[in-house]
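J.: Okay, these came from TrEMBL:
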- Leu122, Gly126, His127, Leu128, Glu246: (6S)-5,6,7,8-tetrahydrofolate binding site (BINDING)
- 10-385: domain 'Serine hydroxymethyltransferase-like' (DOMAIN)
- Lys231: N6-(pyridoxal phosphate)lysine (MOD_RES)
- His230: site 'Plays an important role in substrate specificity' (SITE)
Amino acid sequence: MHVPPIPSLTAADPELATLIESEATRQHDKLRMIASENYVSAAVLEASGTVLTNKYSEGYPGRRYYEGQQFIDPIETLAVTRARELFGVDHANVQPYSGSPANLAVYLAFLSPGDTVLGMALPMGGHLTHGWSVSATGKWFNPVRYGVSAETGRIDLDEVRDLARREHPKLIFCGGTAVPRTIDFAGFAEIAREVGAVLVADIAHIAGLVAGGAHPSPVGHADVITTTTHKTLRGPRGAMIMTTAEHASAVDKAVFPGLQGGPHNHTTAGIAVALREAGTEDFRRYAHQVVANAKALAAALVERGFTLSSGGTDNHLILADLTSKGIAGKPAAQALDRAGIELNYNTVPYDPRKPFDPSGIRLGTAALATRGLTEEQMPQVAAWMDEAVTAAVKDDEATLDRVAGEVRDLLVCYPMPGYTAD
Ligand SMILES: *Cc1c(COP(=O)(O)O)cnc(C)c1O
């Protein structure tokens with residue numbers, strides 16, 4: 001049963017309520033390993049589902065365009081203060097609707113249409129909004145892209161420096177969606193300084209690890225830090241932009257009125273709760289457990305003959321090329337889902353296959369660690385993955401269903417916030 005319970009919804013709209021209950025059960029019964037997903041706490045869920053959704057508050061605390069901000073102002077101020085304290089930044093804007101709009105606000109703050117942006121190529125692990133061609137950021141600006149080295153699977157800062165010197169970008173993005181290794185923020189900062197570019201660290205994937213001390217912080221290196229709040233940071237769907245004092249006003253103006261209207265106050269409250277949680281000793285332990293799990297899982301997968309991009313991981317994320325297993329990413333991901341292991345198909349660097357049918361899979365351990373799984377369970381997870389991939393090659397559906405049952409049996413012992421077996 002969903003927690004908090006949804007009796008009014010069940011009465012008013014049983015069709016929708018049933019779908020939500022089914023989703024809660026699905027989230028409980030699966031090893032959720034989509035690297036960008038997590039389980040928020042019951043407290044975050046409660047904050048996100050409140051009457052705050054009723055309120056309009058265009059502007060910023062103390063400078064609003066609507067009346068009635070007596071309680072909204074302190075809520076947003078709490079979120080901002082907690083973000084500043086947690087990450088140690090001068091300024092935080094908690095209003096972006098999600099990670100993509102947050103990045104677009106950064107373009108609006110610093111660039112004019114046609115200006116050059118240097119970002120990681122999407123198929124190499126970057127994000128659409130770092131200047132990929134199908135994104136507005138690639139259509140309206142002049143994107144230049146770096147990748148990873150074919151030999152090491154890691155970012156080659158010499159390549160980044162050469163590109164930056166040649167192309168003179170106004171903005172440089174570091175961070176990505178499929179980067180299993182530590183980002184060298186200091187190295188990027190040196191390059192940005194040399195060419196006079198604004199450095200943006202997009203820590204959407206690793207924000208929780210940074211907050212918990214399990215990944216180096218970009219603070220002091222990047223001029224601007226963007227992040228989603230719903231990945232390793234374990235908050236509601238939303239985003240933040242953090243800056244030095246120098247860039248605060250440009251970024252605030254870009255978010256509102258540049259790009260957005262009223263902030264989503266129920267989300268702001270959920271972000272405030274998540275930021276408070278992320279400042280605790282418990283969360284520190286969590287962040288380190290996420291990384292320990294990923295390293296243990298990566299080692300177990302390598303032992304079972306999986307080929308990992310860059311050979312392993314430093315963070316929560318693993319990128320595997322399944323070519324050696326005789327299967328492509330998409331059919332493998334579908335089979336794994338049937339086996340109770342949820343992840344996504346993904347391009348691997350230098351992938352000879354098409355983006356919609358690539359060679360790899362991407363997985364992460366953020367949600368598993370929230371459930372309480374540790375290194376101890378990772379060899380079993382790798383064994384199930386191996387079994388499922390092998391079964392997929394042979395169209396052996398019975399094995400997939402058996403693994404799904406074994407996964408369910410394991411997860412009964414690891415409660416999930418947002419659900420209780422009734
Ligand atoms: C997830 C992600 C985003 C976009 O976030 P959305 O909330 O999906 O718009 C941006 N950048 C990076 C690096 C991400 O991983």
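Numbers here mean position along the shown chain, with the first residue as 1.
Just so you know, glycine gets a Cβ as well, placed from its N, Cα and C.
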J.: At the level of the C-alpha atoms, what whole-angstrom distance separates Leu122 ((6S)-5,6,7,8-tetrahydrofolate binding site) and Lys231 (N6-(pyridoxal phosphate)lysine)?
T.: 19
J.: Counting every protein chain present, what is the number of Cβ atoms, excluding its own, within 10 Å of the Cβ of His127 ((6S)-5,6,7,8-tetrahydrofolate binding site)?
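T.: The answer is 25.
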J.: Can you tell me the CA-to-CA distance separating His127 ((6S)-5,6,7,8-tetrahydrofolate binding site) and His230 (site 'Plays an important role in substrate specificity'), as a whole number of Å?
T.: 16
J.: By a 10 A CB contact count over all chains shown, which of the binding-site residues listed here is most packed: Leu122, Leu128?
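T.: The residue with the most neighbouring Cβ atoms within 10 Å is Leu122.
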J.: Taking only the recorded positions Leu122, Gly126, His127, Leu128, His230, which have a CB closer than 6 angstroms to any atom that belongs to ligand 1?
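T.: Among Leu122, Gly126, His127, Leu128, His230, near ligand 1: His127.
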J.: Compute all pairwise C-alpha distances among Leu122, Gly126, His127, Leu128, Glu246, the residues listed as binding (6S)-5,6,7,8-tetrahydrofolate, and give the largest one in whole angstrom.
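T.: The span, Cα to Cα at its widest, is 30 Å.
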J.: What residues, ordered by sequence, lie under 8 A Cβ-to-Cβ from Gly126 ((6S)-5,6,7,8-tetrahydrofolate binding site) and sit at least six positions away in the same chain?
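T.: Non-local contacts for Gly126 ((6S)-5,6,7,8-tetrahydrofolate binding site): Gly119, Met120, Trp132, Arg145, Phe173, Gly176, Thr177.
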J.: What's the number of neighbouring CB atoms sitting within 10 A of the CB on Lys231 (N6-(pyridoxal phosphate)lysine)?
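T.: So the number of other Cβ atoms within 10 Å of Lys231 (N6-(pyridoxal phosphate)lysine) is 28.
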J.: Report the mean pLDDT of the predicted model across the domain 'Serine hydroxymethyltransferase-like' (10-385), rounded to a whole number.
T.: 98
